[in-house]
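Quick paste of what TrEMBL says about this protein:
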DOMAIN    14-96  domain 'Peptidase S26'
ACT_SITE  40  active site
ACT_SITE  83  active site
DOMAIN    102-146  domain 'Peptidase S26'
């Protein structure tokens, strides 16, 4: 009696560990669902939208200008940010806000990207904290999943949906 219970318990634990490893690999190397909050990506992504962030592009170094990415916050590693890639290493980018009279520019250093929200007047992004290391990128947002009426593939053009 006790032996049968012990065998079933060990078998259950073994299957749980196997499925846990499969789930971990899927979320780490394939993609994950992310709930977005805040106004910085409006109107493209609004508060409480759920998006799918794929990880393959990041691992293959295929992140391009115009892609929307999920990245670790440079201020708080427990928090993720959702922004659009506006510059890659070597690119000249504008560091001024939309209402600044004098425009300033800088170059994105090697191994970094320049991120900005689509809602330029209400976004804390690389204009505030500078370029971020490529290693902080968690994945590329490719699908908007929720709400159902806005389900679909997201635009990759940096000019689509931007509020100046």
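Using N, Cα and C of the backbone, Cβ positions are placed for all residues, glycine too.
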Restricting to the domain 'Peptidase S26' (102-146), what is the model's mean pLDDT?
92
Using a 10 Å radius around its CB, how many other CB atoms surround residue 40 (active site)?
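Here the count is 23.
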For the domain 'Peptidase S26' (102-146), give the DSSP counts of helix residues, strand residues and coil residues.
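Going by DSSP assignments, the domain 'Peptidase S26' (102-146) contains 10 helix, 21 strand, 14 coil.
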Looking only at C-alpha atoms, tell me how far residue 83 (active site) is from residue 40 (active site), rounded to the nearest Å.
8
Can you work out which residues elsewhere in the same chain, 6+ from the ends of the domain 'Peptidase S26' (102-146), have a Cβ less than 8 Å from its Cβ atoms?
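Residues 31-34, 39-45, 48-55, 57-58, 61-63, 67-72, 74-75, 80-96, 152-154, 161-164 contact the domain 'Peptidase S26' (102-146) from elsewhere in the chain.
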In the domain 'Peptidase S26' (14-96), how many residues does DSSP assign to helix, to strand and to coil?
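Each residue of the domain 'Peptidase S26' (14-96) counted once, the result is 20 helix, 26 strand, 37 coil.
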